[in-house]
Amino acid sequence: MEIITDIAPLRARLRHEASVAFVPTMGNLHAGHLSLVRIAQKHASCSVVSIFVNRLQFAPHEDFDRYPRTWSDDCRLLEEQGADIVFMPDEKTLYPVPQEFQLLLPPVADTLEGACRPGFFRGVTTVVLKLFNIVQPHIAVFGEKDYQQLQVVHRMVDQLNLPVEIIAGETVRDEDGLALSSRNNYLDATQRQEAGELAHHLKQIRDSIASGERDFPLLEQLAAEKLSKRGWVVDYVAVRQQHTLLPVAASDSSLVILGAAWLNQTRLIDNFLLTLP
């Protein structure tokens, strides 16, 4: 496995590869990330994983400074997984001058995470587009856990005619249903025991809809109330159309149930997909 920190040597290394699959990460890798790497390895002759904590997608009051940085462990895991290249640029490499150019985002980025975290998707699309231009992958793999991010990236690729195929990797969960996330490391032992409740209530909504319930606002309200009673601070619980993330109409059959909530000082997000017959 090669560790590359600058743009020119990375491009030189990749120039003659028949196919390149790319997994962008912010590090602090876990089994969910490694599942994305395995998908990448199945689809291309060369797998590239980037590790970069992107300041642009953090608001000033958010956790940029304390976001877990575990570079040595990350590289060990990636080497064990058989990744070909780890791209680890520093901030001056990706942002040598102030980043003045940014994208005008589509409506799908305005709701849910976009409403709760203004500027988040602007930062995400900026760094992903820069990384796509640097790596020039044929395939890029993103996790379904960050479902809205996945939809935003899909639109960016489609509408800007970027020559990369986006592949989604399924969410990896612990035994209690908690979606694996680097921010799970913020949880203490007691909070970790409670953290699976978000997934539990979203899954309950999914199962209720699958059983015929169609009062979506009521399902959202009940789940949010149950979480609040357990001490969570809920940003949103929402049943949406999978591709547009708009509220569901009676004719929609492809749904996603999304939630974001705070457990003490840790913000967790999750989602479950549902396709109705």
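Backbone N, Cα and C atoms are what each Cβ position is placed from, and that goes for glycine too.
Lifted from Swiss-Prot, the feature list:
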- 26-33, 143-146, Val172, 180-183: ATP binding site (BINDING)
- His33: active site, proton donor (ACT_SITE)
- Gln57, Gln149: (R)-pantoate binding site (BINDING)
- Gln57: beta-alanine binding site (BINDING)
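Looking only at the binding-site residues Met26, Leu29, Val172, the densest Cβ neighbourhood within 10 Å occurs at Leu29. In sequence order, Leu150, Ala168, Gly169, Glu170, Thr171, Asn271, Leu273 make up the list of same-chain residues 6 or more apart from Glu144 (ATP binding site) whose Cβ falls under 8 Å from its Cβ. With a cut-off of 8 Å between CB atoms and residues at least 6 apart in sequence, the same chain places Gly143, Lys145, Gly169, Thr171, Val172, Ala179, Leu180, Ser181 near Gly32 (ATP binding site), listed in sequence order.
On a Cα basis, Gln149 ((R)-pantoate binding site) lies 18 Å away from Leu29 (ATP binding site). Every protein chain considered, the tally of other Cβ atoms within 10 Å of the Cβ of Gln57 ((R)-pantoate binding site) stands at 21.
Listed in sequence order, Val23, Thr25, Val49, Gly143 are the same-chain residues at least 6 apart in sequence whose CB falls under 8 Å from the CB of His33 (active site, proton donor).
Other Cβ atoms within 10 Å of the Cβ of Ser182 (ATP binding site), summed over all protein chains shown, number 19. Cβ contacts within 10 Å of Gln149 ((R)-pantoate binding site), excluding its own Cβ and spanning all protein chains shown: 21.
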